[in-house]
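What TrEMBL records for this protein:
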type	residues	note
DOMAIN	4-105	domain 'Alpha-L-rhamnosidase six-hairpin glycosidase'
């Protein structure tokens with residue numbers, strides 16, 4: 001089931017979240033330098049998989065535990081759209097990598113697709129927005 005290895009939201013986002021949180025707690029930029037390659041490679045991979053609309057919906061995703069109504073005996077019946085969860089975590093990873101690059105003083109190289117995803121911030125794309133105003 002787990003072969004081949006597939007990119008999965010939240011698990012893969014640890015490449016950005018964990019070093020960033022360590023930096024936030026400690027102020028030590030060493031972790032950012034050491035983990036830069038894995039962090040921006042992760043965001044680049046998801047940028048490619050999500051495509052121009054930046055909705056990450058083409059891969060199998062976990063995240064059923066984010067739905068409190070998911071049946072414990074059948075968590076894959078969760079009602080939360082896996083693409084919504086994946087896209088939300090992708091957006092946050094892109095934001096983190098953009099902030100990370102600024103902390104490192106622009107002394108980092110990013111692929112063009114990563115630059116696109118980090119320089120053009122995005123919120124929830126139209127498919128996930130409510131049809132009426134609150």
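From the backbone N, Cα and C atoms, a Cβ is placed for every residue, glycine too.
Sorting the domain 'Alpha-L-rhamnosidase six-hairpin glycosidase' (4-105) by DSSP state (H, G, I as helix; E, B as strand; all else coil) yields 62 helix, 0 strand, 40 coil. Mean model confidence of the domain 'Alpha-L-rhamnosidase six-hairpin glycosidase' (4-105) amounts to 88 (pLDDT, 0 to 100 scale).
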